[in-house]
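Quick look at what TrEMBL annotates:
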COMPBIAS  1-10  compositional bias 'Pro residues'
REGION    1-266  region 'Disordered'
COMPBIAS  11-41  compositional bias 'Polar residues'
COMPBIAS  59-87  compositional bias 'Polar residues'
COMPBIAS  116-127  compositional bias 'Low complexity'
COMPBIAS  133-178  compositional bias 'Polar residues'
COMPBIAS  200-231  compositional bias 'Pro residues'
COMPBIAS  234-251  compositional bias 'Polar residues'
DOMAIN    438-474  domain 'Zinc finger Sec23/Sec24-type'
DOMAIN    754-838  domain 'Sec23/Sec24 beta-sandwich'
DOMAIN    849-949  domain 'Sec23/Sec24 helical'
DOMAIN    975-1042  domain 'Gelsolin-like'
Amino acid sequence: MAQPARPPTGYPSQNGAGQQPYSNGPVQNQLMHSSDGQGYSPSVPGLYSHQTPAKVPPHQTSGQYNYSGSQNVSQLNNYQGPGQTLNRPPVAPFSGSPVQQTGPVPQVLLPALQNSAAISSAGSFPPGASPPVLSNWQYSQTPVSQPVGSQTSHLAHMTGTGSAQPPSSLSGNTNPPGNYQYAASPGGPPLQNSYMKPGSAPPPVTQPLTPLHPPARPPLGPPPVGGPPLIRPSTLTAGPPNTQSLLNSAANRDGDATSAASDGSVVQNSYDAIEGGGLMATPHPSPAPPNLKMNRSVGYSYPTLPPGYQNTSPPGAPGMQASALQYPDGSKHFHQPALGTNHLTASMGGLSLQQEGLRPVNLLQERNILPMTLLKAPVPNLHEDIQKLNCNPELFRCTLTNIPQTQALLNKAKLPLGLLLHPFKDLSQLPVVTSSTIVRCRSCRTYINPFVSFLDQRRWKCNLCYRVNDVPEEFMYNPVTRVYGEPHKRPEVQNATIEFMAPSEYMLRPPQPPVYLFVFDVSHNAIETGYLNTVCQTLLDNLDLLPGNTRTKIGFITFDSTIHFYSLQEGLSQPQMLIVSDIEDVFIPMPENLLVNLNENKELIQDLLRTLPQMFTKSLETQSALGPALQAAFKLMSPTGGRISVFQTQLPSVGMGALKSREEPNQRATAKDIHLTPSTDFYKKLALDCSGQQVAVDLFLLSGQYSDLASLGCISRYSAGSVYYYQSYHHKHNPVQVEKLQKELKRYLTRKIGFEAVMRIRCTKGLSIHTFHGNFFVRSTDLLSLPNVNPDAGYAVQMSVEESLTDMQVVSFQSALLYTSSKGERRIRVHTMCLPVVTTLSEVYLGADVQAITGLLANMAVDRSVSATLSDARDALVNAVIDSLSAYRSSVLSIQQPGLMAPYSLRLFPLYVLALLKQKAFQTGTNARLDERIFTMCQVKNQPLVYLMLMTHPSLYRVDNLTDEGALNINDRTIPQPPILQLSVEKLSRDGAYLMDAGSVMFLWIGKNCGQSFISQVLGVPNYGSIPQNMTHLPELETAESMRTIAFISWLREQRPFFPILYIIKDDSPLKSSFLQNMIEDRTESALSYYEFLLHIQQQVNK
């Protein structure tokens, strides 16, 4: 065996140890895919075809990046380290714009399969082969080589144990497509954190494949759950000379996220191993981790066993009568609804489909189709016992609440299949479980959830891969009821959303302190806007509310053409400024005291925040070295990770990352080449470096002129940060923006935050996820890297049906978010959703969720705008409506009727798509500034669905006649609930007042003949003529009308991540045009009215 090779030194390690290289470096996945493989295809008049099929490795070269809107999961992580060669022939042509990475590259260790006999994944192609052309709506390849047959055929029960026998042959693909098999090394636990016990022999790499399931275990003790405890190495071993090529080829075949260091050593992706791997992670027959003592007072605490049960043997064990605990007749004793494939028929029996969803609606005749209240998500057609356990649609939502059984049926429906998530949403009720054993499926690592089925008291069947698992002894005790023997009543099986306190095996390193670094632009332009006063004052007011504990650290950097650091060393009478003028080779001027403990140095920090706004008032420095300032911030934050908040007011002009203006204001409408793509890859590369070191960057852009947000936004997008944009911010000329910044900054500073997070979404065998949307980096095929996670971020994924879902009544989806709280606790938040499977086209339409479909299409259209052109994206959106309504007309409608027919469930689809076409992200015309358009695109990709829909299709209310009838009562407040009106001038009356809620902005339009009582009792002015032009606040008056109006507006504003400014406008107000722009149903200079749009759709459908 080869001698252990010592890894090269000099690279910062992921876990803070001095001499270890990265185990999940900053740039492992290049997201390499051709620009025409994104969501929509320009060459097809229909819609989104030619998605890169899952598992087709595209051609890669060292250090290349291709900018694209979405991050496909089908790519491998063959990042080429220094001096490393790839052994794989090119497969697909790379048609992006490659950028050769220069400069020193941190060494990246690629986790490799621990077993050379990796199983070739279905959907992969031999080297040199090209993927087959996909049909119009087929997102990804449906494999032919997949064994069909019964879904549970490879899970034959072994008598007396909870494990299942391995399949007789491992030559075919035994794991579901879209997921990966991790083979354990036979000699013991896998290298979970790429660590080995000092002095131990390395496991051989080229061993024969272990069986899928371990042999029967001894009768006593719980099965191993989770990985082994952390072990720290002194060395990493190198494999034999031929190991590397073999591992590379294994990785290429299997599609797993694998990596190899240039010294030949092999490690597994640490985060990947911790979260539990893809869908077919092979368990290892290792002992269970020791029970960890947790002295926490959070949630439920589970004693190992209550007194009197300590020596209980499992059913059928020697020394115990079989009848005592054995349930021979299956799940009869359990009141939990049985959801196994063979149990559900009874539950589903007698359900009548809500035929209202299928009622044909003639859109050209029925004008009043907009509901008068906010549209709710459709309720899946499940038995009520199951549905009441289902996940809240605000957290987890599918575009189709009836899942088509085959990809062919999905293609026929011409509707996209995908999920929309809001995983870290603030929740008023969240069950938190503290246990040393987190129960997970031993095959696919799914967390136990309400939709598993208990075969008896000792065995449960996974609802994603159908593996039969043992119930650990500890899980037999219910901490809520304090009863033993009722595992199906535990909180994990009664709640679709739950949070686990994670034991130490879910940590790569001890939880780091919360670290916040603020980076301020202090050039002349920045000082002129006056933003520094607002930001420093808001920070002063909220210092004590920053999420964290006694370990919280904070630091500050300012920059113009040079970079200024601030030493906050204890004992100094005032903060000390250190200036670094060499921006070509940035360095940290001192090793300590630039990031300091917030509690111990609070007075110095407060001094600095009070003096900062005045320090640069006389500065004439106009240059901006944003790139070097971000490099400095990254170096400062690398050891711990954390959050960088950067405030920028202009185009960066000097040093790395300097940009030139690309906007020509007079050609906004006509320019075909509007610059939606980044002009440099500097910010993306830096973001990937940040992501590798658990640093997220949030960008606040406060600018009156073009600042190239398309390039700057990459720093937040790929590091899982957020972007805030304040157009034409100025403390005197634009005072409403000051209040907006104050309110949004307060929310930003005080909201919950998770550090060092990763998220994985799993789904039932047969379904596969192939494209992600949101701000993150895909670390390994399906693991999202989120250095920070915040409660205001939304995500979307596209899916396909890879295998026919025959014999399945339901499918399930589960997202697991592993993060470190600001208090230093490692937690896992799990959401699980269950949906029925259907076999007919009419049922697919019946379960269509029109808002979720619109949200997913909006994400896809952003990608299409970036990878192709804006007009292609607009055409694709229109085609989505035409294709789905054509399919409905030709395949579902039994009697062909004149007019434009839509199923009731999709009656709002044309209206919502027209609203998208008129939204700033996709509209044509000269009134959209480029940065404003890019910012709206950022919001589409990062907003939870509820806010995205409000931005797309605002709500209009009449508010001059509010009453308490039908009002909500919240915390002793009465909130009126006026009906929602259609967005058309037809609905406005000159004698009324109307409030338009467009998400990030509100308009209160006062008609010329509005009642005198409203004007005086709500606006506080004597008559219409005295309403001021720039009024943005309602006075708080002691009148019932004023109280109702303010209560209603305040209620709408609550719980939003952004603060909507209220503009009060009259007929002659300059802002009236903005108000009318949001009247979606009316014609504008560059867009059709709703009725004209329907006529256009009808013409295309009837072709």
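The backbone N, Cα and C atoms fix where each Cβ goes, glycine too.
Caution: TrEMBL annotation is automatic and unverified by curators.
Computed over the domain 'Sec23/Sec24 helical' (849-949), the whole-number mean pLDDT of the model equals 93. Per-class residue totals from DSSP over the domain 'Gelsolin-like' (975-1042), listed helix then strand then coil: 15 helix, 14 strand, 39 coil. According to DSSP, the secondary structure content of the domain 'Sec23/Sec24 beta-sandwich' (754-838) in residues is 0 helix, 60 strand, 25 coil. Helix, strand and coil counts under DSSP for the domain 'Sec23/Sec24 helical' (849-949) come to 71 helix, 3 strand, 27 coil.
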